[in-house]
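Some features that TrEMBL has for this protein:
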TRANSMEM  41-63  transmembrane segment
TRANSMEM  84-103  transmembrane segment
TRANSMEM  109-128  transmembrane segment
TRANSMEM  148-168  transmembrane segment
TRANSMEM  198-216  transmembrane segment
TRANSMEM  221-238  transmembrane segment
TRANSMEM  244-261  transmembrane segment
Amino acid sequence: MKKPLLLRLFVFLSVIGTITVNVLANALPIAGRTTAEVSDYFRVFFVPAGYVFAIWGLIYLALISYSIFQLRKSTYKNELYNKIAPFVIVGSIANAIWVVLWHNLQIELTLIAMLTLLMSLVAIYLLIDKHSKKDNSLAFNLFVKGTFSLYLGWISVATIANVTNILFLQLYMLPGTMAEIIPSLSSERLLFGLANELWAAIMIVIAGLLASLFILRHKDYVFASVITWALFGIYMKFQETNQIAFSVVLAFIIMLLAILLPRKALLKKTK
């Protein structure tokens, strides 16, 4: 009993720790830069309007709720939370490390932290998905499944953005220090022969396809809603750029079809 409880206490502390790092990163700020200021260095199109990042507040609230939920005595005999715990701890540490690296302009290294966080969340999601067949209670869907669907959805978007930033940085490396290089990146540059806008458009459609996959395979509308929120933010920021606007609309159509087509097929079967 003591070992599982200790593990779950570490989950709670790791969640509080990573939230603290994220808050201090902008309050201090770390390395004299806010997270948004570093993001603005990159002249890329796969980045939503600033207000979209308010979703972090919801993610933090969900993570705190989960970390308290898994400490309840009634969950002690449920092995799911013990299996999830190491991945939550690793993901929390990776999140905090990412923030420190990002603020210090160690952009390439941020990808290692981001992928570690992403893989941790995927592992958690798979464990939860398997268990959800046994437990479909409101509490489980809200505090457990909902929390990590929300988190995974946002980190999926963040990973695409992180990779995009690094590709631009690597392909257009210029002489000088990192602090001089990053602000010099231009939105007119090409990536693998593709215009910046076209690359972003492709990534937007891929994000839409990913959301559709989660709808069709897992009926996960929380994950899809997060993707929708992110793409809406990109649209609002770059709606005057035709390729971006068109790709967001296309992604929304794909997601809508993923919702409607299975229902239409079900209605045909019931007739």
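Cβ atoms are placed via backbone N, Cα and C, with glycine included.
Curation plays no part in TrEMBL annotations; they are all automatic predictions.
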Recorded stretch that, among 41-63, 109-128, 148-168, has the most CB pairs under 8 Å to the transmembrane segment (198-216): 148-168
Stretch-level contact, the transmembrane segment (221-238) and the transmembrane segment (84-103), CB cutoff 8 A, at least 3 pairs: no
Positions whose Cβ lies under 8 angstroms from the transmembrane segment (244-261), at least six residues beyond its ends: 45, 197, 200-202, 204-205, 207-209, 211-213, 215-216, 224, 227-228, 231-232, 234-235, 238
Residues from the same chain, set at least six apart from the ends of the transmembrane segment (41-63), whose C-beta lies under 8 A from its own: 15, 19, 22, 143, 146-147, 150-151, 154, 160-161, 164-165, 168-169, 182-183, 185-187, 189, 196-197, 199-201, 203-204, 226, 229-234, 236-238, 241, 244
